[in-house]
């Protein structure tokens, strides 16, 4: 029976479960919970280390702190609710909670994309215009970039839940993932969703799509500058400063593209594929980002090791 969001009955959705494996979902939640705990500890450690180490009070590490805060927020907005479902059977999510979660996921992803672009620009200026780096990328400029990233994400993705508010929903209310995404919720509406489709695609292209293009352009310019260096050893030394950022970019965009492909072309795929891809999109960047920068940054390594030694005493 169709229902409208303005009806007296509060509409709700059902989070996706894996057909045939409902009995073992509580066990499947253990690796998910472990990954979430690791993400919280690792990103929290990065934030504490950068705050406590004056030598790390520089734009690159402030950007890293922004990534850590975004990943913590994104994981916390989704994983605890998934664990409630897997462990306590709380499968139903209200329409308002679903829209809020959807808004947070898309907005935080947009903010992270903007920060990754800013980090690419930081690498470009540091390598191609090293004498201007300190003057261009000041702490004040870094703070402005962070505020701009948040404002950009909110302005572009706030209309998504607003476009879904007046739509009636009927038939199946079962989502494809264990959390709410715009494409997923929109597909359950029994009305014309063309405005929502067009705006959603436009927002994705103007934020994540444009950022990806500009990041690629930054690295093309960096590569051109590196190849102008005479010695191979010098080329490798300069380009090695970009390795961590390249890995973080891949950890963000590969799951994002994979999830988009599954939504677009994977309607006939097993539900397990949708659920796994969704969880990868949420948790892989949050787990990998602090590990990548922890391995590549000696100052962070030393500070974390000193904290571990203090805790062992």
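Placed from the backbone N, Cα and C atoms, the Cβ positions cover glycine too.
Annotated in TrEMBL:
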type: TRANSMEM; residues: 27-49; note: transmembrane segment
type: DOMAIN; residues: 42-293; note: domain 'G-protein coupled receptors family 1 profile'
type: TRANSMEM; residues: 61-88; note: transmembrane segment
type: TRANSMEM; residues: 94-121; note: transmembrane segment
type: TRANSMEM; residues: 142-165; note: transmembrane segment
type: TRANSMEM; residues: 197-222; note: transmembrane segment
type: TRANSMEM; residues: 243-266; note: transmembrane segment
type: TRANSMEM; residues: 272-295; note: transmembrane segment
Same-chain residue ranges lying at least 6 outside the transmembrane segment (197-222) that approach it to Cβ under 8 Å: 106, 109-110, 113-114, 116-117, 120-121, 123-124, 127-128, 152-153, 156-157, 159-160, 163, 182-183, 186, 239, 242, 246, 249, 253, 256, 260
Tertiary contacts of the transmembrane segment (27-49), as residues 6+ beyond its ends and Cβ separation under 8 Å: 18, 21, 56, 64-65, 68-69, 71-72, 75-76, 79-80, 82-83, 86-87, 279, 283, 286-287, 289-291, 293-294, 300, 303-304, 307
